[in-house]
Every structure is written in structure tokens, then in C-alpha cells.
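Colleague: So TrEMBL lists the following for this protein:
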DOMAIN    65-436  domain 'Cation/H+ exchanger transmembrane'
TRANSMEM  115-134  transmembrane segment
TRANSMEM  146-166  transmembrane segment
TRANSMEM  178-202  transmembrane segment
TRANSMEM  243-262  transmembrane segment
TRANSMEM  282-299  transmembrane segment
TRANSMEM  332-350  transmembrane segment
TRANSMEM  362-386  transmembrane segment
TRANSMEM  393-414  transmembrane segment
TRANSMEM  420-443  transmembrane segment
DOMAIN    500-627  domain 'Cation/H(+) antiporter central'
Amino acid sequence: MNINANETLLLSIERINFFTYNVCIAAPPNIVSDGLWGDQLNSRIPMKSSLPLFELQLLIIFAVTQICRYILKSFDLPQFIPQMIAGIILGPAIQVEMVDKYKKMLFPYPSQDTLAAITSIGYALFIFTSGVQMDLSMITRTGHRAWTIAIIGLAAPLFICIPVILNVAHLNIHVTDQVFNIAAIVQSETVISFAVVASLLNELKILNSELGRLALSSVLVSDLMSKTITCLTNVFMDTDKDHILVLFASMIAFSIFIPLIFRPAMFWIIKHTAEGRPVSDGYVYIIITIVFALGWLAVKINQDFTLGAFVLGLAVPEGPPLGSVLVKKLHFFANCFFLPIFVTCGMMKADFFSHYSPKAVFITAFSTLFIHLVKVIACIIPALFCKMPFKDALSLGLILNVKGVVEVGVYGILYDDGYIGGLSYAVIMVNIMVIACMVKWSLKHLYDPSRKYTGYQKRNIMSLKPDSELRIVACVYKTHHLSPMKDVLDLCCPTAEQPIVVDALHLIELVGRASPIFISHRIQRTISSSCQKSYSDDVILAFDLYEHDHIGAVTSHAYTAISPPTMMHEDVCQLALDKVASIIILPFHIRWSNDGGIESDDKNTRALNCKLLEIAPCSVGILVSRSSIQSASTIRLALIFLGGKDDREALYLAKRATRNSRIKLVVYHLVPKDQTPDMEYLRDSVALEHIKKLNLENLSYEKLMVNSGPETSLVLRQIVNEHDFFIVGRRHDLDSPQTEGLTTWSEFSELGAIGDLLASSDFESRACVLVVQQQFKET
């Protein structure tokens, strides 16, 4: 390759051999320019100065990447694919004479090295935050399935692919040198990255599904094993045997002493951080400095620069307060700014127009595809032996075969160090793009985590047999939700004859870690020390006290789920499914202050409530709480009944409340003048007649005639201040005269027309509202 010195940042360049150039550079180098009209005698013009050229390159790469992302967003590609396509556009892969002129002007030799070196900082910090988000305690909790799948998935390709590819390459010995280092390519293709798999699962929103948890456990084991193999390979590639022993001892010391020294230091930082306060920025800057210092040390012992960042990341306690702060601080700088440019620069190295023989291309393509096929099969077979359905086993095999930004970095290092040639690098970059897209698209069709909730047995309050226990999943996000949840449990009137079982689920947003966590605190208390602080001490204590106050009538179990807000519904549904719950109680997303103003509004909570209304395996209740009713001597309860299965579900829940003498229930039956009897009307009549026949002193029934939505609103406005608590059904017929016009002005569709009206600030009410939806999908 002949290079014109005018197309570089160098004064002169002369090629000596294939790998070596004799160059002359300015000393000191031109870092800044004298401006557009500056002195050109000293060559301090923008396009010949490093800093302005670097800034322009960043701007161009960012602009092309965003354009690609906008054009391709409808194809649902993995997040890093537009960045790689930008690298193809800006690199030598596309050769148009007029465009090449400007490419050489914008990316002169050797400015790419400066660009890659600086953006590698983002890659190192990405590896560091990936290590921070890893939960090494998963290793001890991982079952035999994950270990078996990880070990076989890693070992089988190494033992099968290397001999096969060597034989194919020997048949074409004259192209072997042009292809690649076979051992390096097989090892790199076999390795899977925890960060890449976690990113894929997060994109697909199956991070905390059953398959997602198994995949994370398997990839954690596989990633640590593959990192160990890579480190040992780097040690034994040294030709000096005496030096090998020194490098091996240094690697062992590096891996042992970093956690021993820095992990206690991290806990010291946490200990000296006030509860509820963020970690001091000074500590964060010191840790980031240590990341680069350990990277320099890793290079000195013949390891990758990122090894120090990875090991230190593992030493940081995941989650808040320290792990979450580091991830938040570095996310934009590493993941959003430098890492995309690093990926683009990696793709810009690929040259598809060099003179490669067809046989070399064939061997490279065959090798990569063969390795992927063997790896997928190696993951499927143990999964099938563990009695997983074939679709789930295939999905798991694809997940553990995905490629991403980590592989771009790995192959970039191999290419720069000369372990693989230009052909191998170009083909492998295309392979990464194809595999990532195929895996994501295939998984969207193969695996649907919500399918296990459909077509299941009826789970609602109406279907319960007399005197059977009522199982409730009570979800709590904040401690102020505890008191309203107890109010609902009181309305269920637990007794020894009709007990309730409460599975209290504390939902916490996943921050500073990649692996979602689901904790059963009853199990945790049997295996953990008494001094260990739980994530949910207040929740555990509150429900333990409630159980103690209702001995023989209430059984409570506390759980904690730490997962991304967009995937919390998986934890709720899975718990409701496992515990055969009849209803899930959810807090409303708005909290009101004492003066009636909005104190907090959590959009994530609202999104979760809406999702659960769609897919929950049992009935769902959304609790709008404004004041506590626990201390009241008499509780004035009202049921608004229009008709339909949701209202009948609410009626059966209200019926349970009448067993408590201090609860006064009024059933308001809103009826239009002209109503055509149908099956729903007959079911409503039967349910209401059953309530009327109870003849209880604390139960009354009122039938009110309404013919339009405004009349319904007027009736509710008249009675809203006469009651402390309302129970209503969520859904009603679209052509129902009682709700005509109300849905048009409804602000919160998840509450239904009546629930939204009662929760409206226009009513100026302090009454609580429980909106009930019967199980959405029935057999």
C-alpha cells in the first residue's frame, strides 16, 4: 500500500517492507491549529493538527451513526449495528473515487490510531462497568444446569472445531497464512461475554424471565472460565520459558491481590458514606484513576489492557450505593459517547477490497459458521437433557452464541497484534453483525415469556370455594405503600375459618448491576446470618407484625425482586403463578400530599400496572390511597356496581368485608331505565340477589337510576364524601349508558371510567379507591 505524505499527518513516509514504514514527524507535533486562516508555513492548519481533526472526526462519526440509526430503526436491529454500518461507510469498505478523496482528508494516516486509542478509554470503562454489574455470588447460587451448559458450551467447540478447521486449512495450505491463526480465532469465537448477553436480554425485555436468569447464570460461569483461558494463553505465548514463570506468577498475584486489597477499601467507602447519601465524587475519581493504572500494569504482565478494569470491576460491591454510582457516572461517558465511536473505528479497519483468494474467503466463512453451529448444538444438548422444551433450549443456545461490542474489541486487539489477517478481520466483523441480528430476530419469534400465563385455570375471587383461603400478592414499591396495603388486607377480613395468605413482593429498580435478583426472605433467614441487612427490612417487619396480630388468620411471606422497571411484571406474574394467587394488589403511581396536591408521580409504576392488567395470571386490583382507615372505629365502604365480570369480582371481594362488624357496606347499583336482559344481566342479577339474601345489619343495597355519564358523575359526587373506601370494577361495556362520555375525559385508563372519576382531583375526596379487574384471559 503506497501512501502519499500529503494524505497523512506526517512530514514524509517511505515504505520499507509490508509491515514497516519509515516516517518523519514534526517535533513537537501539531496539536492545535492557528485557525482557518492561520500561518500555513508551520503546517498548523486544522486538517494538519491533531486536536481539531480529532474533534471533526468525532462529529462526523456521530452524525453518520445517528443517520444510520434513524434510517434503520424500523428493522429492530441490535443497538450497536448502526455504529458498525457507519464504520463501513466511513472506512475503505465502500470505495467511490469522489468520496475517497474526502475520506482521506477526514481520516488521514495515522489519525485512526489516535482516534482508536482515545476511544479505547470508553471500551475499558465499559468493561469496568460490566464487571461492576456482575454478581459473583450467582456462582454459588447457580444450579447444575447452568454449570453443565456453560462448561459443555465452552469446551465442545474448542475440542471439535480446531481439528476440523486445521484439516480444512491443510487441504489449502497455500492460503493458510492468509486466513488466520486458527487457535486464536476458535478461542475468540467460542468466548461469550456477560455484558453482551445482558445487553441482548435487556433489549428483548426478558432479563428476569426464567430463560433470562438461566442464560445469565450460564454466561457468568462461561465468561469467567474463558477469561481464565485467555489469560493463560497470553502467558504461554511468550517464547522465553523463564519469563513464562514470571508472567504466570504475576497473573496469579494480579487476580488475587486486587480483590484482597480493593474490595475491603470499597466496603470502607460504603461504610463512611451516610445512609441515603451519594458516594463522594472524590472516591469515584480515585477509582477511575485506579482502573487505568491497573490497565497499564496488566499490559506489563503481557495481558490485555482491559483485564485490570475487569478484575477491579468484580471487586466493586454491585448495586447501591457504590456500584450504582459508578455505573451512573460512567454510563454516558463510556457507553453512550466513546464506546459507539470505538465500535465504528473497529469496523473502519475492515478492508473488503484487498486481493484475497476465493479459497481463503471460503475457509474463513466456513470456519466461523461451523464454530457457531457447534456452539449452538453444544448448548442445546445439555439443555434438552435438563428437560427444557426444545424451543427454549434453542433460544438458550442462540443467546449463548450472540456477538456484540466486546467481540469487536477482542478482534480489534487480535488484528492490531497481527494474530489475524485483514481477510479474517473483515469476514469476522460481518459475521458479528449477521449473528447479532439473526439471534435477536429469532428470539423474538421463538421465546415469548408471557405465554405461560395464557390458557391457565381460572384464578379469581369468584371462583374460590366457600371457606377457602384467599391468596394475595401484595406489591410494594416504597415504604409509604405498606399502610394502604394493610387497609386492603383488613377489608378481606381474615379469620381462622377463611384465612388469607399474603405474598408481599418488594419491587426495587435494578441499578448498578446486570443480574436481576429474586429473594425469598423466609429462605434467606434460614441460611444467612442475623447481622446481614436485608434489602426490605421494613417490608418484612410490617408483614410479620400483621401476621402476628392475626395469628391463625394470616400467613405472610416476604420477597424482594430487583429488576429493570420494564421487566418487573415478570417477577410479579411468576410469583402469582407459583403461589396460585387469586388477586394481585398494586399501588397507584400517584401519591397525594395532605393538602391534596400531587407529591410524587412514578411513570415506571404506571407502566408496570398497565402491563400487569394485560398479562396477569389472576385478578388485579389497583389501590388509589389518600388516607389510612386502620385507626377508624367505623369504616364506611361503598361498592359501585354497574354490571359485568369486573364488577361481580369487586362484589365478591366486598362481600368478604361484611364479616367485620365495624365495616358498613353500601352497594350502589346504577341501572339505566331501559336495559335489555342478556347473559351478563342474568349473571349480575344472580350475584346481587345472593348479596341481598345475606340480611346483614352492616350491609345495605341502593338501586339508582342513571341514563348517562353526566348523571353517573352527579351521583358519585353526591356520595363521595359519605364513604372512606370505594371498590369498583375496571371494565364496562363500551355502549353502557352509565359511562357514556366518561371515557372521553378519562385521564388514567388503567382505573376505568368509574375509578378514574373517583380518583379525580375534581371530586376533592379523601376516600381510597380499589379498582378490580377479573382475570383477563380465561380458559
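Note that the numbers count up from 1, one per residue, in the order the chain is shown.
Placed from the backbone N, Cα and C atoms, the Cβ positions cover glycine too.
Please treat TrEMBL annotations as automatic predictions, because they have not gone through curation.
The shown structure was predicted, so the numbers you read here are calculated from the model rather than taken from an experiment.
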Colleague: Count, for each of 115-134, 243-262, 332-350, 393-414, the Cβ pairs lying under 8 Å from the transmembrane segment (362-386), and report the range with the highest count.
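Modeller: Selected stretch: 393-414, with the most Cβ pairs under 8 Å.
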Colleague: DSSP-wise, what's the residue breakdown of the domain 'Cation/H(+) antiporter central' (500-627) into helix, strand and coil?
Modeller: 47 helix, 42 strand, 39 coil
Colleague: Please report, as numbers and ranges, the same-chain residues at least 6 past the borders of the transmembrane segment (115-134) whose CB is under 8 Å from any CB of it.
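Modeller: Sequence-distant neighbours of the transmembrane segment (115-134): 54, 57, 107, 193-195, 198, 220, 288, 291-292, 295, 305-306, 309-314, 316, 318, 323, 326-327, 330-331, 333-335, 337-339, 341-342, 345-346, 405-406, 409, 412, 512-515.
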Colleague: Under 8 angstroms, Cβ to Cβ: which one of 332-350, 393-414, 420-443 has the largest number of such pairs with the transmembrane segment (146-166)?
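Modeller: Top-ranked stretch among 332-350, 393-414, 420-443: 393-414.
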Colleague: Along the domain 'Cation/H(+) antiporter central' (500-627), what average pLDDT does this model show?
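Modeller: Summing pLDDT over the domain 'Cation/H(+) antiporter central' (500-627) and dividing by its length gives 80.
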Colleague: Do any residues, 6 or more residues outside the transmembrane segment (332-350), come within under 8 Å Cβ-to-Cβ of it, and if so which ones?
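Modeller: Those are 58, 61-62, 64-65, 80, 83-88, 90-93, 107, 112, 115-116, 118-123, 125-126, 128-129, 405, 408-409, 411-412, 415, 422, 425-426, 429-430, in sequence order.
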